[in-house]
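Here's the structure we're looking at; comments come further down.
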Amino acid sequence: MHGLMLAGLLALPLSVLGHPTESHSSGISRRAIDITSYRLPQISKYTKSDAVPKQDGESFTTSSTGNDNSSSGDYVTTATNWLKKTLPKATYRLVKDHYIGDSGIGHVHFRQTAHGIDIDNTDFNVNIGRDGKVFSFGNSFYDGEIPKANPMVKRDFSDPVNALHGAIQILNLPVTAKPENVKAKPVEGKENFKFEGTSGALSDPKAQLVYLQKDGGLVLSWKVETDVGDNWLLTYVDANKNDKVHSVVDYVSAAEYQVYPWGINDPTEGNRTTLHLPWLKTLSTDWHIDGKGWYSTTRGNNAIAQENPTGGPEYENNYRPKSPLFIFKYPYSKAMTPPSSYRDASITQLFYTTNVYHDVLYILGFNEKAGNFQINNWNKGGVGGDYAILNSQDGSGVNNANFATPPDGQPGRMRMYTWNASIPERDGCFEAGIVIHEYTHGVSNRLTGGPENSRCLAALESGGMGEGWSDFFATAIRLKPGDTRVTDYTMGEWASNRPNGIRKYRYSTSLTTNPHMYVDADGLTSVHAIGNIWASMLYELLWNLIDKHGKGDVTKIRPVLKNGVPTDGRHLAMKIVLDGMALQPCLPNFVQARDAILDADKNLTQGSNKCEIWKAFAKRGLGVGAVFNLSKRTGSNELPAGC
C-alpha cells in the first residue's frame, strides 16, 4: 500500500507520534497478515551510461522517429539487438510500452520467458540515447538453468480457481469465491483467466500462469490479481501447492474554481481565491472534456472527483458538484463541521490540485507515451482509458490517503480521508502536499520499468524511494519566494495537527536538524522511514540546483523550458528526477537510482550539473564508494575526481 502514513499511528501517545519509524497500514494488516514479508527480491542491476561498452556500427537518431511508437527499424531494433548481444541464450518478449521521452531517450522494456511463459519478475530495460546508441540499461533476467520440462505439455499445474482460493485463505482476503459459483473464463494470453461469480472484490479477480524468480531458481506460479480497495494485490500462488504463496505485490501506495491556489500547501499558508480557466493552455483541452463530451461537474479527461462516504468501490454515480456555468464556488472554513457540510469545496479542491499537477508533470515529460493518467490520449501514444479516480472524504479509513496504480490503460485510484487529530477534524483534500504525494505514487510506478509494469517498486528499498519521491515533489512544489537552503519543511503537518509533521525528520539541508545518512536504512522495514532518507537526499539536490540556477518565479505554475531543459533549478531538479525514474531498472536501489539521476542530467544538460548532484548524495553517504546490501549498506562521502 502506498499510503501517506500509518493510520494506526494517530492512536498512539503524542510523544511516540513525533518520531514514527514503522508502518501500521490499514487493509491487509487489519486481518493480521503482514504482506511485507512476501516482498519481491531486489535483484536488478543497472549499467550507467559511462559503463556501457563501446558500440560500433550504424545508429539512428531517436528524434527522427517523432511520436511514432510503431516504427520498428529504429530504437526498438537497437535495443533488441543489444539484449541479444548481452544475453544471447535468453528467451524473451518485447513489452508493448516502448516510447521516446521528451528528453530524447528511447525506453524499451523486455520480459524474460521460459517455454512461452513469462518469468514475471525478470525485466531488461534499454535506454537509447539521442545518438541512436545504447545510453544505459537495466537487467534482472534469470541466469540459471531453465526447467527442462514444459509444463504446458504435461499440464502438471493446479486449476486457477484453486489458486484463487489459496490466495483468499492465506491472505485472509475479504473475497467470497464459492466453488459452485466461480468460473475461470479464458481471456487473451496463454493460461490467462478472469474469475466470474465472486463477491467482495472491487472488480473480477484474475489469474495468469507465470514463473517467478526466487531463491536462485524458478517456481511455476499463478499470479492472482485481487482489488479489495485498500489493497490491490498480485499474489503469486504456487501452481502445485495452492497453500503456498511465494510473493505479493500491492498496487496501492493513497472553468472557475474557488480553491487554495497552486503553491498554497494548506489553510495556514493562505486564503482561498477564485480562479478563472486555470488549466495550462499549451495542453490540448481543458479539464472538463474528454473528446466525447463536456462535463459540467468535477469530471474530465484527467480525473473524476466525487465523495465516497461509504468507502465502497462505486464512483461513477457518486455525488459530485454540478454547475452548468462551470462555476465551482462553494463555502469552506476551518471551523466548519462535519466534513460533509463542505463536501463540494473538498471535491473541487481535490479536482483542481490533481489537474494542475497533471499539467505541470505533462510539461516535464510525464505524458501519454510515458503512461500518464488520461481517458483520451489524443493519438499521442500510450494507452488511454485511465483517468485518476479521486475519492474525497473516503469512508474506508481515516488519518491517511492512498493511491492505487495498475498498469497503463487502467484508472488510478486516490482515496483521500479525513483526519481526526484536531477539533474539528480536517480534510486531507485541503493539504496539497498530501494530494501531490499520492498522485506521485502513480507517476513513479508508471515510469519505473515502463507503463505496463506496476510492480517495479515492490521491493523494500524501491518502495521506500517511492515514498521519498512523493515527499520530494510535494515539497519542491510548495517552495515560497523567500525560501533559501536553510528553509525546512515538514510533511502532513496541517492534516495531522502535528507541528513536526508525520516524518521522523523535517526536510532540511542541516545535518543537525536532519542527520539522515544512507546507512540509516539498515534494519528499517518501513517504506516511509526509508523514504524519509531518500527524500532528504533529493532535498539537498533541489537546493544545490536552485543555488546554481535560481528558483524561478515560484508563484507561476508553468515550468519554463528552453530546448527542453527547465531554466530554473527547482523544475530542473524535478525534471531530472522524473527522467531518472524512466532510466532506472525495475526494482531499483538507492545507488542505481542515484546513477540514473546522474545519467538523466548527462542526457539533458551534457552532465553540466554532475558535481552538484554528486555533492547532494555524498553529503548524506551516497557518494562514489556507497554500496547497496539490504542488511548492511556501505556509506561513502567520496566525490568523483573533478568535484
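Using the three backbone atoms N, Cα and C, a Cβ is placed for every residue, glycine included.
The N-linked glycosylation site entry in Swiss-Prot, when matched to the candidates Asn69, Asn603, corresponds to Asn603.
The shortest Cα-Cα distance from Asn420 (N-linked glycosylation site) to any of the recorded positions (Asn271, His437, His441, Asn603, Asn629) is found for His437. The Cβ of His437 (Zn(2+) binding site) has 30 other Cβ atoms within 10 Å, all protein chains considered. Closest in space to Asn629 (N-linked glycosylation site), of the recorded positions given as Asn271, His437, His441, Asn603, is His441, taking the CA atom of each residue. In the three-state DSSP reading, His437 (Zn(2+) binding site) counts as helix.
Its Cβ placed at the centre, Asn629 (N-linked glycosylation site) has 9 other Cβ atoms within 10 Å.
Secondary structure at Asn420 (N-linked glycosylation site), taken from DSSP and collapsed to helix, strand or coil, is coil.
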